[in-house]
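Here the structure is laid out as structure tokens; the discussion comes afterwards.
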């Protein structure tokens, strides 16, 4: 929900005009985040084609959120043409702009509500797919889906019922009244903060229990925890609202302009963050590119560590070559090769051996051209 202040469309007292206009700044910053959301969505669907997976519910929801955010951005541009970011005194010569501005507020409020709810539901649905083995998290996803639905209904009802008749929102010449606008605004954005915080923290206990290297585990947790930045926006909006009221309630087209900036970028940032967990296929493809391999070759092996990764030789046997990371692999056992103890790491399609550059000469293993070959496949390495 956005601002339900009735004073923002009232006529201010006459005064000298000014040249101060924050509208272009608001549009420019929002355009940057809009472009960021487009890039994130493009990468998301590129990763989907790499993984060769079908479009799922969370993909549809995040697309709908982007459509709503784009419509909100358009309303913001039109609002800037009709007073947003300008001092109310500068609009005295065009009083009809106050009416247009008041109507646009209603549209912005509803679009923001739709966009935020869609982003949240997309993230929750993604959790249910990524962590389907966790019954507790699945139950939490069901509960939070219901909470998001209730939050949306409550916000939408507030937009339509806070002022009666409805057109009193932008036309103060009719006989009408509004409820407690300030209390409505604070309640919506306080619950907004609680919901976003809960969604951001939901997967962390499950991630902490995953069997993976600590460095990668912390990195994954930080990636999912980036949703906390949305919570920071919710807190900032509440603080800015109080400052705007203290500044000048008759000049809200100017004093409340930063609020509209945060309102527009919040769902766009949420869309970008919702795409991050699905971009790993792009990172994996990039790590195997010639340029990245060339850069890795410039780093001394003593700094990047030594391991073995599998490829096929000309005879079709598995061929193990040095590589630099065990991230994503699970340690299986220890083996002694050439008098040196090595660790064997396994993944669904790969085996890596760390600890040295020598390979044991056994019936099914041989040393050839600096590589470690196994006639058996990865599954028999157990």
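Placed from the backbone N, Cα and C atoms, the Cβ positions cover glycine too.
Unlike curated records, TrEMBL annotations are generated automatically.
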Response to the item:
Among 220-239, 280-299, TrEMBL marks as transmembrane the stretch 220-239
Discussion item. Suppose you had to name the range TrEMBL annotates as transmembrane segment; which of 2-24, 25-47 would you pick?
Written reply: 25-47
Discussion item. If we skip the immediate neighbours and take only residues 6+ beyond the ends of the transmembrane segment (220-239), which ones have a Cβ under 8 Å from one of its Cβ atoms?
Written reply: 123, 186, 189-190, 192-193, 196-197, 199-201, 203-204, 207-208, 210, 212, 259, 262-263, 265-266, 269-270, 273, 276-277
Worksheet item: To what whole number does the mean pLDDT across the domain 'Rhodopsin' (43-282) round?
Response: 87
